[in-house]
Amino acid sequence: MSRVSQARNLGKYFLLIDNMLVVLGFFVVFPLISIRFVDQMGWAAVMVGIALGLRQFIQQGLGIFGGAIADRFGAKPMIVTGMLMRAAGFATMGIAHEPWLLWFSCLLSGLGGTLFDPPRSALVVKLIRPQQRGRFFSLLMMQDSAGAVIGALLGSWLLQYDFRLVCATGAVLFVLCAAFNAWLLPAWKLSTVRTPVREGMTRVMRDKRFVTYVLTLAGYYMLAVQVMLMLPIMVNDVAGAPSAVKWMYAIEACLSLTLLYPIARWSEKHFRLEHRLMAGLLIMSLSMMPVGMVSGLQQLFTLICLFYIGSIIAEPARETLSASLADARARGSYMGFSRLGLAIGGAIGYIGGGWLFDLGKSAHQPELPWMMLGIIGIFTFLALGWQFSQKRTARRLLERDA
């Protein structure tokens, strides 16, 4: 085995271990934020939505800067610093008794993610061969799902005692992850050239096809982020107990572990990436619309199952498309900018979703936010279809293994 192949194989194992620690640290805390502050402390959903949206927008919206800096200085210092900053954000969240302090903790958490997320994504593009990326992204998603349910179970158990224990556990996990990276991560360069920060950002902004694709995905993310805000609140309302939220993540884990990799392997042989992305988005949109009309937990979990199946189909295709469009001369900048759709869609999804949830509740129209989200998903589906049908983008966007 050549030294390059050996480095790639070792890099895969490193990425998987690192990803599991990050996912556990995140899901111990974040799925329970809406339960803690809306259900237990009686805050308006829009207040929590602002906090979650702020974290999302800062982490993903500023990702191009984090990626460009990582292109210049390397992945390791950015990743370690960002993870320590997120640990500080979680520690602050544990003592948040006023909205401004929750917002500040989410600000710290988001800034930390801005530093570590783009270089971690760029490492995947660097270490995984193009023809293997779709399957590796599927493995990461399976790991995400397993880590999500383990983290949510642990967080739900700790919440019975004290929310400060929840936040402390998340902070400790990110400190461990920072130490793991500081100790074992080599000083890898992300790009094929040592790209100046401004040049990497300029290269991305001039790539109109990539920019259009990323911004179009904002509608997709408006739906996807509801697993952190409105779906946990809905499960709690229908079940009457916060402990039921863990079953939502258990469903995701079971579906991902059993279906994600087989679906990815089968669909990559029979369907183009853009068709998989659009099919998954359509299923997610249609499953959202009836959520506000259900009154039983079984019906709600059935719709959540459909939503997760749509995500299982769409997400590996979306990740692979983003990676295939990245310029090797500025990988960090490209992967950072690819998060802008999540920044915009996530912020609108959290803040707008929280506002619509409160509005629907006060107007006795609980179906309002869910119908609106479904309609947004349909419009995004049509916008992606228009974009993929353009001859000027066909050669790049329809390339499965570029």
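Glycine is treated like the rest: Cβ placed from N, Cα and C.
The membrane topology recorded in Swiss-Prot splits PHE163 and SER389 across the two sides.
Counting C-beta pairs under 8 angstroms (sequence separation of 6 or more), the transmembrane segment (165-185) fails to reach the transmembrane segment (214-234), with fewer than 3 such pairs.
Residues 290-293 of the same chain sit 6 or more residues outside the topological domain 'Periplasmic' (361-367) yet have a Cβ under 8 Å from a Cβ within it.
The list of residues near the transmembrane segment (340-360) in space but at least 6 beyond its ends in sequence, with Cβ under 8 angstroms from a Cβ of it, reads 44-50, 52-54, 56-64, 214-226, 228-230, 233, 292, 366-369, 372-373. It is 244-264 that, among the stretches 99-116, 214-234, 244-264, 277-297, forms the most Cβ pairs under 8 Å with the transmembrane segment (139-159).
Between the transmembrane segment (277-297) and the stretches 99-116, 214-234, 244-264, 368-388, Cβ pairs under 8 Å are most numerous for 368-388.
Only sequence-distant pairs (6 or more apart) were considered; of these, at least three Cβ pairs between the transmembrane segment (214-234) and the transmembrane segment (244-264) are under 8 A, so the stretches are in contact.
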